[in-house]
Amino acid sequence: MLGVLAALTVPAVPGAARAPAGQGTSRAPVGRFGALLLIAISGGLGSAAANALGAFVTTTAVHVGFSPAAAGLVLALGSVAGLTIRLLAGVAADRWNPDLLRVVTAMLLVGSVGYGLMALGTPPLLLAGVAFGFGAGWAWPGLLNFAVARIAPDRVARATSFSQSGVYFGGSAGPLLFGFIAEQAGLTAAWLAAGSAAIVAAVLLLFVKR
């Protein structure tokens, strides 16, 4: 659903424009569209899970026993972790040229572990979960954009706008869904749902063919 809505926001399929003769014009655009569609859906699920961090980490921290002031420090810890890992991931991508989609997959899986730790409801595990959640589960968007640029180097603007439509839709819907689940079933269920979304996002990236 996220990918379909993302597709509707883009007037043309990335890569569907003209291609040089003799380079398989009938198959390349279709394959590229499929890859970008999977990335858009994955990005939507991943950002839906991660965007709940900023909105609900402090609420969860207070729920497990932190004071409101300490809960704010917990959120600050997560923000520092996310900032640090984003910068280091960018440096590593430039220097060692890894398989970016596999790196993003790993980060989503590590982030899902963080969400699971937050679901357990104890202060030490919450701190670890926040570090993993922000540090891995919400530090991948820049790498995802870089990966999309490699998939469609001749249509970078269109391709990234397509994939980012999914990311931003998920980022907008995620906190709303998280809040609904938390209200109906509790914070533990909501964090487990976030972790499940991150796992599905990671699995989808394994099917992206470049």
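Here the Cβ of each residue, glycine as well, is placed from N, Cα and C on the backbone.
TrEMBL annotations: computationally assigned, not manually curated.
As recorded in TrEMBL:
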DOMAIN    35-210  domain 'Major facilitator superfamily (MFS) profile'
TRANSMEM  33-57  transmembrane segment
TRANSMEM  69-88  transmembrane segment
TRANSMEM  100-120  transmembrane segment
TRANSMEM  126-149  transmembrane segment
TRANSMEM  161-182  transmembrane segment
TRANSMEM  188-208  transmembrane segment
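Looking only at the domain 'Major facilitator superfamily (MFS) profile' (35-210), the predicted model's pLDDT averages out at 96.
Between the transmembrane segment (126-149) and the stretches 33-57, 69-88, 161-182, 188-208, the greatest number of Cβ pairs separated by less than 8 Å involves 69-88. Listed by sequence, the residues of this chain that lie at least six past the ends of the transmembrane segment (69-88) yet keep a Cβ under 8 A from its Cβ atoms are 53-54, 57-59, 61-62, 126-127, 130-131, 133-136, 138-139, 142.
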